[in-house]
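Trainee: Pasting a structure here, questions to come.
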Amino acid sequence: MGKPKHYRPPGKKKEGNAARYVTRSQAIKLLQVSLSDFRKLCIHKGVFPREPKKKVKGNHHTYYHLKDVMYILHDPLLEKFREIRAYKKKIKKAKAKKNDELARLLLSRAPSYKLDMVIRDRYPTFVDALRDLDDPLTMVHLFAMLPAIDRLKIEVKRIHNCRRLCHEWQAYISRTHKLRKVFVAVKGIYYQAEVEGQKITWLAPHARQQVLTDDVDFNVMLTFLEFYEALLGFVNFQLYHSINVKYPPILDPRLEALAADLYALSRYFDANYKTSLQEPQVAGSSISEQEQEESNLRLAQLQHQLPANEPGALMHLVQGAAIETEEDEATRDCKKLFQNMKIFLSREVPRESLLFVIPAFGGIVSWEGDGAPFAEADGSITHQIVDRPTQGHVYLSREYVQPQWIYDSLNARIILPTEAYMVGRDPPPHLSPFVDNEAEGYVPDYAKTIKELQAAAKNDVQPFPGMGNDVLDNSQNMLAEGYISRTEAMEAAEKKQKMMLLEKQYHDDLKMELQGVSSINKQSSAEDMESKEELLRDVQQSAMDSEDLSRLMMSRKKRGLAKAIEMHKQRKKDHVEKLKERKRNTEAAQKSEKKHKRA
């Protein structure tokens, strides 16, 4: 009889993948927990399955690293889970014996666990938590819009908690003007904020009726949500304390009953943020009154020892240590975008999103309903956001625009003209700020228009392509000032060189005609041009042959990588050609439609 496939002599230690990786059933047996508890532990501790190069037990198993399993084994959360499982058995036993009083007593004293130490363990610094905040924010915003269903264990209390965390986060971002990009898509609204140098992107669903499907495992999602709620609570606590605002915030009960939580939070910020700026404190210090008096006494004693020509030098140093952190340039630009604008929201627009976005860029906003700061009849309103085909009552002192004007203006960082966004008109295409048009190889027409408006806003009007030689002559200067990219500068330089060659050739031909050169010379020059073209084709063919030879000399791995790069470039090129073809078809359809209207 032959030896088995994975034969190991008795007494010999395991080596390689057999020693490093264990299957899921082996991990559960080692930890002595159920499968559901093992999943919870893995989610809370950030442990995920691995893919070893050689799967010892077969391809149909899920493998975990042995170090990850031992990491869970020594965690206090595992003991807590075992305690909860034993306590549930007591409750089940009391119910089986029909001892309802004991069962109620045991349920009221049921043990619980906290994830404070787990969060501290997974995120040693605050920047680590901010770096990993994209998925928690998306998940919490999703559950804030879901309906409460007992069958799926989605409780009302949990949904209210998610909404509270979302509003607290949005209130901080709006108040500190940290929002950078917004894009309205079919899935929802994408936001990007920059907090302490970290770019945080999340997706908020549209405020519509959500339909829950049966193909989603809500038990796993609720376990993730439990961890994300705790993480977001800690992050909000730290952010609020960084600007000297008490957490959790105390809201106006009247506004809270009217579902105006975000506005109530903004009022809470107004009441607390200003007082904290009037009395700034150094972050992380808690100085008692007695210590403050002692320090003032010491400063007064040192004041007499200073030279007479600088009596307030020491006091100036102490005051300079407690000033607030200076805002960066992006925050200052965002803060002034909608400054001195009073914007009113009609009832059909996405109120919650606009209430978050407009104050984040310095605007004052109100809405139609109870608890609003000002009414629709206010004469100081500059813009009204309307999303309907026609507007009945019109105030001549304000402009009526569609919601897309707000999002496009904040993405462009300038106030765009409102003519294209008037009520009843088809607005321009809503361009994504997350797409780099130059890297994709296709720049939409409206993106070029926005670029021209941005250049005009910087007091340096940039002409459209083909409207003069200013761009060609000053390409290097405009590149240095940041108005055009390096690719555009190189294209402008190439275009300038080609135009210079064509101009030179034209002048040479003109001189030859003036000197009376015969047609024979012209024919010879045409023959020379043909010979030059043939020479160019030969050079191109030799370049292609050398490229084929270099590819033959590559290893199989590098050859595959080169082929994948070429396929990616070709795919991008095909996509650009498809977009250009679509644009041509659209323009042709618009022209034919205009002709039919005239006829």
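Here the Cβ of each residue, glycine as well, is placed from N, Cα and C on the backbone.
TrEMBL entries are annotated by machine, without manual review.
Given the structure is predicted, the values throughout are model-derived calculations rather than measurements.
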Trainee: Give the range, chosen from 77-104, 413-440, 469-496, 497-524, that TrEMBL lists as coiled coil.
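Mentor: That would be 77-104, per the coiled coil entry in TrEMBL.
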Trainee: At a C-beta cut-off of under 8 Å, are there same-chain residues at least 6 beyond the region 'Disordered' (556-599) that contact it? List them, or none.
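Mentor: Residues packing against the region 'Disordered' (556-599) from afar: 440-442, 445.
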Trainee: Can you work out the mean pLDDT of the predicted model over the domain 'BRCT' (333-423)?
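Mentor: Residues in the domain 'BRCT' (333-423) carry a mean pLDDT of 89 in this prediction.
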Trainee: Based on DSSP, tally up the residues of the region 'Disordered' (556-599) by helix, strand and coil.
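Mentor: Grouping H, G, I as helix and E, B as strand yields 43 helix, 0 strand, 1 coil.
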